[in-house]
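> Here it is, the structure in full.
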């Protein structure tokens, strides 16, 4: 079925002007044009628009979304699962913040005095700071002071919501890999997840070349801090991830015909 731009706008809630913009930047091109030059969108185009809107909601820029959707390893089902997990974590945090506001209002109205820790439920930056420090340590170990400083400069610009999105996506990728360990490191879905992991690093932290990615896999089994952290997602995951990274890099360097 084909849809005119006005119909797509009505179905999706995205303005006609925005749809025109997405076409102009080649983020969402209509699959066909009428003889008069009017845009016609297919069901597949609508599915791509859905992905665009989900990625926007969790904080990605349009250029980043285009790069992900156009990536040969893009997996729509896996992306939807990751997006759901990220949005669930955001919902959980928002629910905690709403509860904190409600308890604070009761306290203001003369109810019980709130525990000081409860004042900040849903607002803590502790997990975010620990995640940021982990990446700083990882980069410093792999590439030295200069690149580490550049990475820290880049990540220091992230807001609390940025970091929560990054952490949720990171967590989702690890869980995705851990859930399929029994299929072996060369499993197609495992390899797609490893590709998503590398993309995640490139997007948020540093340019993860294949050589760097291989080195990262080695760090995961030689540094107990990283080994222990990764293995929380599944026994032996660190070593498994290293093997999966090696296979991924080999395939990238010597693509199968």
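Cβ atoms here come from the backbone N, Cα and C positions, even for glycine.
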> Give the range, chosen from 44-75, 76-107, 108-139, that Swiss-Prot lists as coiled coil.
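That would be 76-107, per the coiled coil entry in Swiss-Prot.
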> Any residues 6+ beyond the ends of the region 'Hinge' (71-74) with a Cβ under 8 Å from its own?
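Counting only partners 6 or more residues beyond its ends, the region 'Hinge' (71-74) has Cβ contacts under 8 Å with 191-192, 195-196, 199.
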